[in-house]
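Here the structure is laid out as structure tokens; the discussion comes afterwards.
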Amino acid sequence: MVKKVVRASLVSSASIALLAGCTVTEPNNNIDKTVATNAPKNIIMVVADGMGPAYTTAYRNFVDDKNTPEIEKVVFDDILVGNASTHPAHVSGYVTDSAAAATALASGTKSYNGAIGVDVEMEPVNSVMHYAKGLGMRTGLAVTSQIVHATPASYIAHNESRKNYNDIANDFYDIKVNGEPVADVMLGGGTTYFKREDRDILAQFINDGYHYADSYENLADVPKGSNVIGLFAPVALPAVLDDVRKDRLAYLTKQAVRHLENDNGFFLLVEASQVDWAGHANDIGSAMAEMHDLAQTIEYLRGYVEDNPDTLVVLTADHSTGGLTIGAGGDYRWSPEHLHKMSASARTIAKGMVDNEMSAEYAAEKLGLSLTSDELAMLDSVSDQDEETRYSAIKSFLDVKTNTGWTTSGHTGVDVEVFAFGAGYTSFIGQIDNTDIAKKIFGLLEEKSVSKPVL
Ligand SMILES: [Zn+2]
């Protein structure tokens, strides 16, 4: 272990140039050997689902202190190292979904849209988490979606379709590495898939010695170093604007690390799952709130790596969602300050309006805005419409207020940013492909040990 720390501190500018400059990948083996000079003890992979470059720029503007002349840097600015292409296997064209992208990030293999840990022939491909577990590291995930959703699923399961949540949940228990489930720690949502009429997977985990936590408070009580399955919602966690914890991802990440730390090191997958969902909904209020949840997580991880310099953190997105634009309609203006005081998500406000006699005033209060009589009249005019209409009206209202634009309710094919810090981060510098991220992690893991995973 000491050896690794020494190595991490000996990265010369020559080796940085070497690492950044050339990529040699073995055929039929997704291991990038060029990284093998300063392998980290622990690896934390963070995926911000849907976070294209417009989201990080928007977030910087969103938290900007308007009383100062400069636009302050945010936590992402100091850790940017490059850019990744995101396209799926050719059969699915240029625009990826989260499943193909997660399979690429997890296993280094391009696949078709919808694929969970399988290649274009639907053959299983193993992930960096399988590999880490095989090397005797502890493994875990902390996400804000249901834990069987595309991104975490691709690190553990093999399925021809992301929609087969129950089968994917079965894989979480049934796929064994060295006789144990792939992940030692699983935090997120999804009791629906683990406690079913046909099978109680939760009971199986508990029977095998996993602690079960069903609330954030219970999770804090689990003794350090435990195997844990923490499911805090039937499906996904609430939007962060509606959650009891406004730092829920940072909290879950912290808790996961507490259980994973050990002498052999750990691999942890963290996902800010709901940036994407805000993008699909074209909901700028939730987009910025989910970004803030992620930013707090990265701030925690910056501190963690300061104290544990033998840890690597890599952050990227799987794709961009919604075609978010900062400014719209030919107007050179973006006014994110109107989003600062929201105390519920647009969806929850839309729901709540119906139970409220003064529904326009209720919406204004939850939005944290003092509205003109015209604005109140507009909200009043939709108050007796159905929930979807009210939801759309609130989102459009915020788009007009902030001058936010959207071009799609789906994904876009733009490259995404890559951020990395800690031991071995130089391996990720430059223009790379999403599959390179897995290949480099495989390379760093291989450097940790010559022993092969039992799969
Ligand atoms: Zn999506």
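Every residue gets a Cβ built from N, Cα and C, even glycine.
Unlike curated records, TrEMBL annotations are generated automatically.
Under the heading active site, phosphoserine intermediate, TrEMBL lists S98. The number of other Cβ atoms within 10 Å of the Cβ belonging to S98 (active site, phosphoserine intermediate), over all protein chains shown, comes to 29.
The Mg(2+) binding site annotation in TrEMBL covers D49, H149, T151, E271. Counting every protein chain shown, the Cβ of E271 (Mg(2+) binding site) has 29 other Cβ atoms within 10 Å.
Marked as Zn(2+) binding site by TrEMBL: D49, D276, H280, D318, H319, H411. According to DSSP, H280 (Zn(2+) binding site) sits within a helical segment. Over all protein chains present, the Cβ of H280 (Zn(2+) binding site) has 16 other Cβ atoms lying within 10 Å.
Per TrEMBL, signal peptide is recorded for 1-20.
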Neighbours of D49, H149, T151, E271 excl. site residues, C-beta within 8 Å of centre, Mg(2+): V47, S98, A102, V143, S145, A150, P152, A272, S273, D276, D318
D49 (Mg(2+) binding site): secondary structure state under DSSP, collapsed to three categories: coil
Nearest of the recorded positions (D49, S98, T151) to D276 (Zn(2+) binding site), judged by Cα-Cα distance: D49
Top Cα neighbour of H319 (Zn(2+) binding site) in the set of recorded positions S98, T151, E271: S98
S98 (active site, phosphoserine intermediate) versus T151 (Mg(2+) binding site) - Cα distance in angstrom: 6
Sparsest Cβ surroundings (other CB atoms within 10 Å) among the binding-site residues H319, H411: H411
Candidates D49, S98, H149 (recorded positions) with Cα within 10 Å of D318 (Zn(2+) binding site): D49, S98
